[in-house]
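Visitor: According to Swiss-Prot, the protein has these features:
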| type | residues | note |
| --- | --- | --- |
| BINDING | Cys16, Cys18, Cys37, Cys40 | Zn(2+) binding site |
Amino acid sequence: MKKDIHPKVFNATITCACGNEEKVLSTKGEQVNVEVCSACHPFFTGKQRFLDTAGRIDRFRKKYAKFEQK
């Protein structure tokens, strides 16, 4: 078998924007930041919530506003 072909595995802490932290094994690094996790995602919480943190809806409306004029 070949030696040293497997990625390094870290004990990582995943930190959500809501403040929730989870300890997992990861090959990405020791600290991973995410915007949404199971503690705050509407599917897991059962609560309807607006999740546009990156301004995607505003960008879409601005881009296609010229077609709405007609």
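For all residues, glycine too, the Cβ spot is worked out from N, Cα and C.
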Visitor: Just checking, which of Cys16, Cys18, Cys37, Cys40 (binding-site residues) has the fewest C-beta atoms within 10 Å of its C-beta?
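Guide: Across Cys16, Cys18, Cys37, Cys40, these binding-site residues, the one with fewest Cβ atoms within 10 Å is Cys18.
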Visitor: Residues near the Zn(2+) site, Cys16, Cys18, Cys37, Cys40 excluded, by Cβ within 8 Å of the Cβ center?
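Guide: Result: Ala17, Gly19, Asn20, Val34, Glu35, Val36, Ser38, Ala39, His41.
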